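Comments concern the structure below.
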Amino acid sequence: MAPPLLSLPLCILPPGSGSPRLVCYCERDSGGDGDRDDFNLYVTDAAELWSTCFSPDSLARLKARFGLSGAEDIHSRFRAACQQQAVTVSLQEDRALITLSGDTPALAFDLSKVPSPEAAPRLQALTLSLAEHVCNLERRLAAAEETITSPKKNTQPAGTQFLPELDHQRGSSGPGVRRRCPGESLINPGFKSKKPAAGVDFDET
């Protein structure tokens, strides 16, 4: 049976800008009856794999010892520890010790080295899942950058939003402009133009 898909979150150790040496992640397997209590923590250096290798009985004993209600509690604690960079791992021969600390009491788990035939498909699944997550993040980042850099399209033609509406005003005077009556003086509006002077007739007696 193929290994289950990677269940985020995960973390790399040591945290920060240094070169990573270990990857810590978790898997939740669903049983045939839909039970989700099959839960394991994993640590890998990309060559070897360590696992908690929980059985239903050992997981039940772990929950009773730490006062946990279910595997979901371990998953949420692991997520919180990853976000707070509060995960530590110690490798010892064929075993590893992982500690989850942070804002809650620390939880410590013993991990055993997974045999190579079983570890190989799990490491392959981890690599493919990480590659898929990276590709999805790159696509989302490219879409976000395109949205930010592309100007919003304006459906109204450029230059028309500031033009006055002149069509209905053509052939009519604008507001406050009075039409000149025939014969009205151009110099003194409102007064009729006078007739041209006829001069003085000196021959008239």
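Backbone N, Cα and C atoms are what each Cβ position is placed from, and that goes for glycine too.
Given the ranges 71-85, 176-190, 191-205, the record in Swiss-Prot names 191-205 as motif 'XLM'.
Within its own chain, the domain 'PISA' (39-81) has Cβ neighbours under 8 Å at 7, 9, 11, 21-29, 87, 89, 91, 95-96, 98, 100-104, 107, 109-114, 119, 122-123, 126, counting only residues six or more beyond its boundaries. Mean per-residue pLDDT, taken over the motif 'XLM' (191-205), amounts to 58.
Shown for the domain 'PISA' (39-81): DSSP residue counts in helix, strand and coil, namely 22 helix, 9 strand, 12 coil. Note on Thr147 (phosphothreonine): other Cβ atoms within 10 Å of its Cβ, all shown chains, come to 9. Cβ-based neighbour count (10 Å, all protein chains) for Ser150 (phosphoserine) stands at 8.
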